[in-house]
Amino acid sequence: MTLAHTHIHTHTHTHTVRYTHNTYNLDSGISMVVKNVCCIGAGYVGGSSCSVLAWKCPDIHVHVVDVSHDTIKQWNSHNLPIYEPGLDEVVKECRGRNLFFSNDIDRAVREADMIFISVNTPTKTYGIGKGKAADLQYVEVCARKIAEVANGPKIVVEKSTVPIQAAQSITHILAANTKPGVSFQVLSNPEFLAEGTAIENLVNPDRVLIGGEESSEGESAMEELTWIYHHWIPQHNIITLSTWSSQLTKLASNAFLAQRVSSINAISAVCEAIGADVSQVADAVGRDSRIGSKFLHASVGFGGSCFEKDLLSLVYIAESLNLPEVARYWQHVNDINHYQRTSFRAAIP
């Protein structure tokens, strides 16, 4: 793929992406070509995302690292730690060629040009924001490790679902520990994966978000990540925007989907009270092209690890910004989900 001197404009007005020989300059003045990628975190998101990246970018070496010896042992075996249709085939094709799984985090960070952070960000169970805010302790540990062992300019990409302004925390940690000859740019690249269709989501995504600093260095770093995705994703599906806009889009997307589930479940309660058929109502509503049929299936409620966590994070952000009405609105979307579960249990003889 030759991208030299090609000018491509994105659908947003925030940035203009320009490729130039697949190199970029950080504030250290050092030119770099991304040939080695490291992902800290060999969980569901990191393992799946970087396996597809290695598959689609055979010219890039991808090292997925984790502190868990058992997890890495599984990634290097015939029984992967997670199951996703198509993932086994992708890993078998790339593993040992340009995809590697290891516990040697220090070496992977030192050799990497670009480092993805893909670790857990659970809801806090302590301190300020308990029960709502995202816990960033693992993200911050990664940032400190990167700052400790980095030996040159690095692009750090936050892949984990993080609250708005989390990149600022990572940037502060990296800046406070920067050594001579070492510099960093921090990007936001949130995932949009659904269990059972993760590989399809990665191969044919609705869109890829790349958020970065609105500076020449930030734009150069975004160009490099855009170049990687452009190996298999059409340019019109790659959106570059500000870091905070990227992070908020992730939370907003899950919040909107969760809202639809709670909305149809709230309607199902009305249907039960008056004798209407919620499946008929959902079908009729879903045929409105402005609404569509997806996520309009009345059920026990939404589950998984993302919707409730991201909703609560959005509630906490709204409260922190002194927007109580906004916080109550999104809190009620989550409350309806709990109401649906309670009602379902109560209906079981």
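Every residue gets a Cβ built from N, Cα and C, even glycine.
These numbers come from a predicted model, not from an experiment.
Per TrEMBL, domain 'UDP-glucose/GDP-mannose dehydrogenase N-terminal' is recorded for 36-224. The annotation NAD(+) binding site is assigned in TrEMBL to D66, T121, T161, E195, K309. The annotation substrate binding site is assigned in TrEMBL to F192, L193, A194, E195, K250, F295, L296, H297, A298, S299, G303. Annotation source TrEMBL lists domain 'UDP-glucose/GDP-mannose dehydrogenase dimerisation' at 244-338. Residues or ranges marked as active site, nucleophile by TrEMBL: C306.
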For this session: Could you break down the residues of the domain 'UDP-glucose/GDP-mannose dehydrogenase dimerisation' (244-338) into DSSP helix, strand and coil, giving a count for each?
Result: 69 helix, 0 strand, 26 coil
Problem set entry | For substrate: widest Cα to Cα gap among F192, L193, A194, E195, K250, F295, L296, H297, A298, S299, G303 in Å | 24
For this session: List only the single closest residue to A194 (substrate binding site), chosen from the recorded positions D66, T121, C306, K309 by CA-CA distance.
Result: C306
Exercise. Cα of E195 (NAD(+) binding site) to Cα of G303 (substrate binding site): how many Å, rounded?
Worked result: 11
Seminar exercise, completed: Its Cβ having more other Cβ atoms within 10 Å than any other among the binding-site residues K250, K309, the winner is K250
For this session: Starting from the Cβ of L296 (substrate binding site), draw a 10 Å sphere and report how many other Cβ atoms land inside it.
Result: 19
Exercise. For K250 (substrate binding site), which of the recorded positions D66, T121, C306 has the nearest Cα in space?
Worked result: C306
Exercise. When neighbour density is defined as the number of other C-beta atoms within 10 angstroms of a residue's C-beta, which of the recorded positions A194, A298, C306 has the lowest density?
Worked result: A194
Problem set entry | Number of Cβ atoms other than its own within 10 Å, given for T121 (NAD(+) binding site) | 23
Exercise. Tell me which residues of the chain lie with their Cβ under 8 angstroms from that of D66 (NAD(+) binding site), as long as they are six or more apart in sequence?
Worked result: I40, G41, A42, G43, G46, I72, F101, N103, I105
Seminar exercise, completed: Expressed in Å to no decimal places, the gap between the Cα atoms of L296 (substrate binding site) and K309 (NAD(+) binding site) is 21
